[in-house]
Amino acid sequence: MQTPVTIIGAGLGGLTLARVLHVHGIPATVYEAEPSPTARTQGGMLDIHDYNGQLALQAAGLMDAFRGLILEGREATRVLAWDGTVLLDQPDDGTGGRPEVLRGELRKLLIDSLPAGTVRWGHKVSSVRALGDGRHEVTFANGTTVVTRLLVGADGAWSRVRPLLSNATPEYVGTSFIETYLFDADTRHPASAKAVGGGAMAALVPGGKGIQAHRESGGTLHTYVALTQPKEWFAGIDFTDSATATARIAQEFTGWAPELTALITDGDTPPVLRPINTLPIGHRWDRVPGVTLLGDAAHLTRPNGEGANLAMYDGAELGKAIAAHPGDVEAALTAYEEALFIRSAEAAIEATRDFGLCFDDNAPHGLISLLTGNA
């Protein structure tokens, strides 16, 4: 008999796990803190890679539906200098292995593929404790509790499940992103829309500073401004005062091309601070009966386009391991974690390298080398 699986977190990794388990006839329940699937914006564009994210979707039986979400032309890439000079312009010729989709649409696809009631919304974890014999009790802020023999922490960077396995906590890497959007940019901000192009654009300078943007559906431009500053520097900015915060961030880009700075100054949404934190490279733990982790809860790294792909791949691999070891939770978790630790260590090393190439003192030339296969 298969052990029902309790999954904390309805991100892409947790949902992929639930879907793969469902494909194999294994019951699972996903507990999510958010009150509903549409409670907050679900991030921006994701490039789903043919060597991990797409393999996860194949295991979930969702590749055909996934193809219907792909936004054509979004694999185009541009690198600009601070003055707007185009240094690299790679069109989307349709031969890439990283089709782009909106995170929110991919998440909805996964949710809709699950039996009704699989995801329990409005369940924020307040505590988790071991009961012995591989059982764990999860208590939620709404006062309810659940006891499980197979607990999976798919609850992201600040996982409430991780302390059962590891004392590691995320640490700030010294760089933060500030997120904003321009809507209807082709009409209202044609110069910025042209600068971004059909896919992704990065304008970087030495010292860990840059403006990165991605074209989403229609004329929406999603921008991440990168600044390398201590946490205290950002703490001195009142992000509840959008106008003041925007002006302070824009001040760091004085003299840059107006089509680039407009991505900051003319944003249609309040600027949102996104500090970049990581777990130690090679993060691992000793086997603890009845519990494991996936995605950022297991291996939070610098952003390089792999996080969502790895989380989905983790979920698929864990689901397959559970299905391959019916009634033997420990054999399943041992097999999953042996591969997870190797995979995630390699990914963390690569993410650290890629991030350094983008934001080191040779920027933007390291990124250009990476994109042209010369890094």
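Placed from the backbone N, Cα and C atoms, the Cβ positions cover glycine too.
What TrEMBL says about this protein:
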type	residues	note
BINDING	R40	NADPH binding site
BINDING	D47, R103, D296	FAD binding site
DOMAIN	3-336	domain 'FAD-binding'
Once the DSSP letters are reduced so that anything not helix or strand counts as coil, what is R103 (FAD binding site)?
helix
Structural state of D296 (FAD binding site), classified by DSSP into three states
helix
Secondary structure at D47 (FAD binding site) (DSSP, helix/strand/coil)?
strand
For the domain 'FAD-binding' (3-336), would you mind checking the mean pLDDT of the predicted model?
95
So if I draw a 10 Å sphere around the Cβ of R103 (FAD binding site), how many other Cβ atoms end up inside it?
17
